[in-house]
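> Sharing a structure, written as structure tokens. Questions coming.
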Amino acid sequence: MNNVSRHFDPFREPASGWILHCDADAFYASCHMAQRPELREQPVVVAGDVRTRHGIIVTANYRARQFGIETGMNLGQAWQLCPDIVAITPDKSLYRRYSEHLHHIFQQYTGIIEPLALDEAWLDMSNQMSFAENPALVAASLQAQVRERLGITISIGISVNKMLAKQVSDWNKPEGITVLRKDELPERLWPRPVTELFGCGPVTAQKMERLGIQTIGDLAQQPLSAILHQFGQHGLALYLRAKGDDYTPVINPRCTDRRSVSAEHTTAQDLSGIADILALFQQCSQEISARLLQLGLVGYRMGIKWRTTDFRLHSKQLSSSLPLQSTDSIYRLARQLWLHVAENRPVRLIGITVSLLELPSPQLRFWDE
């Protein structure tokens, strides 16, 4: 039975339309329970090395969570909490098969789908008239299709942009539906701890707490200049999410013909210090990573470019055997290229291009929302 968090008033529809974030509940465990219905009422965990009882738990069903069993816990510790747990070795092919079926159901509701992982995706429903009239009702229909056809459940967050939709899909699990309008942020989002903000890791959260920023509302009401000074571009992204101003589009990576993603920065003064130059590469890496994540793509070739004070433009390229998408992977290769170049003249422009873009191979996440 789905759980709708609030009554929806169709006369309060946002002009920008609605975005869904669909997230399967305890996905890996749910796939096994769909295959083996006798497990549904039992505490089930999916863990690495089941045979030796020393594996790490990658997901636990909701029954197991009642005993305090959590993702990331050692299997031996979990058995101490609940000797009756059923431990199952991960089955990648099974998860991929269910993921394909899940995304096929999504496609019956809209063609604008951005996969985020095997078990979750954003759906742009802005042009769906039936959805605008009653989003919760259509979301309940989607949940019913998944439950009846696959035997698993999904939770759905509905809001005016991607990040808010993802933020609230976790509020009402399992199989919940949560609708959040932007004018409800002060009442419903801002009182929550800043650690709940998507993208705010423990290190950032600890630094914010030292500055007196404990809730999402505390962050949203800070001066932007102070956030930029303390946290840079990452802080800006979190600040915009806290205010509900993150309007990146839902992009279906299969529909994009983009061949490369680039970022560059020109400085007002000559740069010669290695730390200053690498800081610009770091900033470019963050921007490219954010764009690749939006597109759901990875790259396999990196190029850097720089302009010296004689206005000459230089470049260097290198192929990568590993996929480039995270800030760290992009920056490491850019740094390696720059140190190899050993440019000793001052520069005025720094840029990075990631190319040979393609969809990533399906990878298992080692956590469940």
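Each residue, glycine too, has its Cβ placed from N, Cα and C.
Look at TrEMBL and you will find Glu120 tagged as active site. Residues annotated as Mg(2+) binding site in TrEMBL: Asp23, Asp119. Sequence annotations record features per position, and here TrEMBL assigns domain 'UmuC' to 19-201. The annotation site 'Substrate discrimination' is assigned in TrEMBL to Tyr28.
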> Taking the Cβ of Asp119 (Mg(2+) binding site) as the centre, how many other Cβ atoms fall within a 10 Å radius?
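Summing over all protein chains shown, Asp119 (Mg(2+) binding site) has 27 other Cβ atoms within 10 Å.
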> I'm checking region-level scores; what's the whole-number mean pLDDT for the domain 'UmuC' (19-201)?
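Summarising the domain 'UmuC' (19-201) by its mean pLDDT gives 90.
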> Determine, from DSSP, whether Tyr28 (site 'Substrate discrimination') sits in helix, strand or coil.
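Its secondary structure by DSSP: helix.
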> What's the CA-CA gap between Asp23 (Mg(2+) binding site) and Glu120 (active site) in angstrom, rounded?
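Computed Cα spacing between Asp23 (Mg(2+) binding site) and Glu120 (active site) is 4 Å.
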> Within 10 Å of the Cβ of Tyr28 (site 'Substrate discrimination'), how many other Cβ atoms can be counted across all chains shown?
30
> Roughly how many Å lie between the Cα atoms of Asp119 (Mg(2+) binding site) and Tyr28 (site 'Substrate discrimination'), rounded to a whole value?
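Distance (Cα to Cα, whole Å): 9 Å.
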